[in-house]
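Structure, as structure tokens:
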Amino acid sequence: MILWKSLSCFSFVFGLLLYSASFVCAGDIVHHDDSLPQRPGCNNNFVLVKVPTRVNGSEYTEYVGVGARFGPTLESKEKHATLIKLAIADPPDCCSTPKNKLTGEVILVHRGKCSFTTKTKVAEAAGASAILIINNSTDLFKMVCEKGENVLDITIPVVMLPVDAGRSLENIVKSNAIVTLQLYSPKRPAVDVAEVFLWLMAVGTILCASYWSAWTVREEAIEQDKLLKDGSDELLQLSTTSSRGVVEVTVISAILFVVVASCFLIMLYKLMSFWFIEVLVVLFCIGGVEGLQTCLVSLLSCFRWFRRFGESYVKVPFLGAVSYLTLAICPFCIAFAVFWAVKRQYSYAWIGQDILGISLIITVLQIVRVPNLKVGFVLLSCAFMYDIFWVFVSKWWFRESVMIVVARGDRSGEDGIPMLLKIPRMFDPWGGYSIIGFGDIILPGLLVTFALRYDWLANKRLKSGYFLGTMSAYGLGLLITYIALNLMDGHGQPALLYIVPFILGTLFVLGHKRGDLKTLWTTGEPDRPCPHVRLQPQSS
């Protein structure tokens, strides 16, 4: 069907262009920024700070701020943080000695024109136990020391709040209410169960897609052998039909992928906004509907109750021949995608996003094929360099990681682009999500599905084939990605940096050891005996 093929190609390009690195999407709570000045007394890491408040003794709101490069470190547990009364500075910027007397209160000040260290020293000299600085915008600014300043004598914590949080507290205090608060910076757990589930989700997606792809190819091969044995004229028609919905990656397209994907990523980076995210949501819904419909139709067709509807077709204007089963399932898929798009800001929306995403990935891995190891090597090598460049190297040109900024949607006011699988971090005091980009599943998955197709066509057992090795290599590479993620305090990691060497290395080593490397590299299919040979009588 023409529409199905065009949507399949769209799904492939869409899935590849919009993939991102694997990283925790809660906002890094620890920033090791070596580009900003450090010296004794001014070498703290930038950490996010929780500020739970009480108004007249009742729990109110919890705000989030950021700590300064200087001053003492904060407690990591709420039970150890002291509940302290909040006071407003007079003058508001605290650049000169406050008129009001302080006896251990936390002082709320405006950013003003003097340095952060100056106002901190003034507040400390006036008797403040901590200082909250209201920023001029909703962003959190990194508070550093000025050149030549002596900060060794600063002994009170310094925290910056966004302007909306600061003004809210200021208005409450001005209304003569008694505001008390705590300051603490909880640490993230070394491992969150969300990462385990995300690992299982990624591995399971490739596993399902691989067996579906291999089963389809084997059925085509069996049917082809049967027609060839019978000498049927339907052989040519079968070859044309079987390849109609398949997109084969070539060396040229693998190389062009890096160029096109890089241009698209820069466009996303420059044009990122609320409305641009809305466009991406619409595109994701289109791909998700196609993927979910394809998966459901194929799954239900395995049951005899639905098989008859899946094999009966009706002509639909502009669409061509469509099965009755597809017509019945399509409205449900559209309704599901629309429901997710409308409710995507809710806490449970990640479930719908993952269902649509997994369906899209499985469909792409079913219709897109790597013909041989040579193409797979070029594709993964290009993606390997692409991932590293846009996660790490781009920081030197753009002063921030382009890949991570795009994936998190930092400039859009949204939670990030929808082309991600994500699971909420269940035991993380900061919340957020563990996420993985589509490309970190699709690109390695293309080579894993290729390995299983080769094994089935060559009648190899699981232990003697290549699928078990490549599948294990992917799982191990992804596991090391999460280890690196935790070692780097949640900073974004290019998953392909760890996955690609494992997968390619496994295929090359096993192929060389078993003598199949030349076949894997060139044809990508094992030599199979012609059915006619078995039918020829032996000459006496």
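Here the Cβ of each residue, glycine as well, is placed from N, Cα and C on the backbone.
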Shared topological domain relative to the membrane, LYS343 and ARG453, Swiss-Prot: no
Secondary structure composition of the topological domain 'Cytoplasmic' (292-321) [DSSP: H/G/I, E/B, coil]: 17 helix, 6 strand, 7 coil
The transmembrane segment (432-452) versus listed stretches 271-291, 322-342, 348-368, 465-485, 490-510: most Cβ pairs under 8 Å: 465-485
Cβ packing number for ASP387 (active site), 10 Å threshold: 26
Beyond the flanks of the transmembrane segment (373-393) by 6 or more, those residues with Cβ under 8 Å of it: 21, 249-251, 254-255, 257-258, 261-262, 265, 401-404, 439, 443-444, 446-447, 450, 492-497, 500-501, 503-504, 507, 511, 517, 520-522, 524
Seg_contact(the transmembrane segment (348-368), the transmembrane segment (271-291)) with at least 3 CB pairs under 8 angstroms, min sep 6: yes
Same-chain residues at least 6 beyond the ends of the topological domain 'Lumenal' (343-347) whose Cβ lies under 8 Å from its Cβ atoms: 281, 353, 415, 418, 424
Same-chain residues near the transmembrane segment (465-485), Cβ under 8 Å, at least 6 residues beyond its ends: 22-24, 191, 195, 199, 202-203, 206-207, 210, 436, 440, 444-445, 447-448, 451-452, 454-455, 458, 491-493, 495, 497-503, 505-507, 510-511, 516, 520
Alpha-carbon spacing, ASP387 (active site) to ASP440 (active site), which is rounded to whole Å: 9
